[in-house]
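**Q** One structure, as structure tokens, below. Some questions next.
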Amino acid sequence: MKLVLTVVVLVGALASTCSGYQVKPKNYTATVEQLQHEFARAEKDFEREFRIWKHTGVKTPRFREMVDSWKIPREERGMELEDLPIQREGQICLLCRSIVGQLMQQRQNGATRDDLFETAYELCTTLQIQEPDVCYGVIEINIDFFIYIFDNRPSLGSDSVCAVIFQSSACILSDPEFLDWSVNVDASGRPVTESKHFPSARGPNDIKIVQITDLHYDPKYQMGYNAVCNRPACCRNDQGIPEDPSEQAGRWGDYRDCDSPWDAIEDVIDHVAEFHPDAAYIYHTGDMIDHGVWETSIGHNIGAMNRIYSKLIRTFPDTPVLNILGNHEAHPTNVFAPSINVRPDFSMDWLYRFSADLWGHWLPQSTRHTIQQGGFYTYLIRPGLRVVALNNQDCYTFNWWILWRPDYLANQMQWLHDVLLVAEQNNEKVHILAHIPYASSGSTFRICQREFRRILERFHDTISAQFHGHTHRDEFNVFYSRESPEHAINVAWNGGSTTAFSDINPNYIVYYVDPETYQVTDFESYIFNLTDANLTPDRRPDWFKLYSFAEEFDMHNLSPAEADRMVKRLGTPAGRDELYRYWQFKVKLGDPSLEAGCDENCLLNHLCQIVVSEMGDDVKCDELRETFFD
């Protein structure tokens, strides 16, 4: 979940999955406006010094000074922009615009692929964005996409590139080609006049649905190997055995930047089958592939996915498993080329055809066409309940193809709208599965957020729930009406992750769904403590129920109205203990997270993340901030 070629290719490809939200200071907008002038001067300064370097081979003292001041601290490697200190947003945007602008200029002046690679590699290593082998691998895998986009979009400016990928108020997007596309939304829906609510509490006839997400299986994970490797993925069999035993990978996973060993993958799938045999459906919401983003390949990804799907087919031969793609399933990571692309070597056909074949074990033939077209589908899983499974990686800010044809993003969203319109006419309710939360302001392109909210508001009666992954956190988002923000209209649930990457315990979620409205009435989160599990490596992990959401937070059900009531309560001093408990559950009692703690400003950030669903729309957060310190 970050820099383009260096800033964008590397920082983007190596971004972590944890995306947060930071409450902006009250003077934030004015401060950013003032800084824009300073950033423009610095950008011109860098342009001059960069050209001297490229023309003479000499790095002037001023150039070295600027590069030294822009070096990425090790603790910021792999962080999403919104997880960085808020004052760093403008600096990262400046760094991006400066470097991307010069790389684009180099290309326009006739620079070859080798020329650009050499420049990008030297800047990556000099700026300490990653270790040299990681810099080399990520640039090699991604550079051809950028050359193609730069060559075919001569009007594309570095300001637009950086504003898409590092979207924040400090990185301004003004290009109408990115802003002015939209979905055709049917105008005949019922207006929102109140928060959505329903009377049903959890009952004995509820449908049980298990969500498994973010397995992140690493075939190279090996117990005892280096868990502190200073790379995007550690604990791998080519990274050596450290002398310090505390830096060695555990049997069942590791809290550090390590993915899941096969034993842990098998264990969670077997545990779900053994302890929840009455589950009607399994929602498997993506990210099966590891974080070794500098050395992915089509063969590597297919091999890992094939092993997981084979396990799921053997374990759940008769229980429908509804699968979707995550951003790590692509090669390169995050990069999902549109079907209209003319370069066969950029095509995603290999992934979509593979997915259609494997998902076909549980899905009807009618889903195959759209899966092969773009990795998405719809399926009436029982009378009255339709699943719409999206591939919303096209809207991921680190999907480079947004820069090429931003209007292509409307295609799948228009399909979603049209499916919902037919579902409404047939009196069906809908569950939406999408790997990346649409409310994630650092991950989902802002115009996709805007258009998704328009669709959500139009079909607030039809959409019963959303289910996401990606962040690895046990969390949720409340969506409010764009026209009447006092009304809560939908809730999106996040399944967390079965991987411990990073600082969290593995988990899965069991939902209870009303058999008439198909609304979620309650859910339970199941975890095991990784520290304890690794102390007894010869025993299977001891899974246990962490909590029931409705019981823990005194909720009659999990309707948007009830969720809004809960959030408002947690947004007062009297609700501080509850909010801290919510944060503890969000990080799944991960030992390193609990040790680091979460102060009041941290808690307010986590609270606001629940209610902010469109970048730049901080209305609900501002309301909570007013009551938080009363």
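Glycine too: its Cβ is placed from the backbone N, Cα and C atoms.
According to TrEMBL, the Zn(2+) 1 binding site annotation covers ASP214, HIS216, ASP287, HIS472. Residues or ranges marked as Zn(2+) 2 binding site in TrEMBL: ASP287, ASN327, HIS435, HIS470. The disulfide bond annotation in TrEMBL covers CYS124-CYS135, CYS229-CYS234, CYS235-CYS258, CYS598-CYS602. Taken from TrEMBL, the feature domain 'Saposin B-type' applies to 89-175.
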**Q** Provide, as an integer number of angstrom, the distance between the C-alpha atoms of CYS124 (disulfide bond) and ASN327 (Zn(2+) 2 binding site).
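**A** About 23 Å separate the Cα atoms of these two residues.
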**Q** Calculate the distance in Å between the alpha carbons (Cα) of CYS229 (disulfide bond) and CYS235 (disulfide bond), and round it to a whole number.
**A** 8
**Q** Using Cβ atoms only, which residues of the same chain lie under 8 Å from CYS602 (disulfide bond) while being at least 6 residues apart in sequence?
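**A** In sequence order, TRP583 meet the Cβ cut-off.
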**Q** Looking only at the domain 'Saposin B-type' (89-175), how are its residues distributed among DSSP helix, strand and coil?
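**A** Output for the domain 'Saposin B-type' (89-175) reads 63 helix, 2 strand, 22 coil.
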**Q** For ASP214 (Zn(2+) 1 binding site) and CYS598 (disulfide bond), determine the Cα separation and express it in whole Å.
**A** 24
**Q** Calculate the distance in Å between the alpha carbons (Cα) of CYS234 (disulfide bond) and ASP287 (Zn(2+) 1 binding site), and round it to a whole number.
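**A** Distance between the two Cα atoms comes out at 17 Å.
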**Q** What recorded positions among CYS135, CYS235, CYS258, ASP287, CYS598 are found with a C-alpha within 10 angstroms of that of HIS470 (Zn(2+) 2 binding site)?
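**A** Close recorded positions: ASP287.
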**Q** Which of these recorded positions is closest to ASN327 (Zn(2+) 2 binding site) if you go by CA atoms: CYS135, ASP287, HIS472, CYS598?
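**A** The answer is ASP287.
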**Q** Tell me, if you would, which residue among CYS234, CYS258 (disulfide-bonded residues) has the fewest other CB atoms within 10 Å in the structure shown?
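**A** Output over disulfide-bonded residues CYS234, CYS258: least Cβ neighbours within 10 Å is CYS234.
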**Q** Would you count the other CB atoms within 10 A of the CB of HIS216 (Zn(2+) 1 binding site), including those on all shown protein chains?
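**A** HIS216 (Zn(2+) 1 binding site): 28 neighbouring Cβ atoms within 10 Å.
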**Q** With an 8 Å cut-off on Cβ-Cβ distance and a minimum sequence separation of at least 6, pull the same-chain contacts of HIS435 (Zn(2+) 2 binding site), or say none.
**A** THR213, THR285, GLY286, ASP287, ILE324, LEU325, GLY326, ASN327, ASN391, ASN392, GLN393, HIS468, GLY469, HIS470
**Q** By Cβ count within 10 Å, point out the most packed of the disulfide-bonded residues listed: CYS124, CYS229, CYS598.
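**A** Checking each of CYS124, CYS229, CYS598, the winner is CYS124.
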**Q** Sequence gap of 6 or more, C-beta under 8 Å: which same-chain residues meet both conditions with respect to CYS235 (disulfide bond)?
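**A** The list for CYS235 (disulfide bond) reads ASP218, TYR221, GLN222, TYR225, ASN226, ALA227, CYS229, ALA249, ASP254, ARG256, CYS258, ASP259, given in order along the sequence.
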**Q** Neighbour count, 10 Å Cβ-Cβ cut-off, for CYS135 (disulfide bond): what number do you get?
**A** 25
**Q** Out of HIS216, HIS472, CYS598, the recorded positions in the record, which is closest to CYS135 (disulfide bond) when you go by Cα distance?
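**A** Going through HIS216, HIS472, CYS598 one by one, the closest to CYS135 (disulfide bond) is HIS216.
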**Q** Mean pLDDT for the domain 'Saposin B-type' (89-175), as a whole number?
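**A** Averaged over the domain 'Saposin B-type' (89-175), per-residue pLDDT gives 91.
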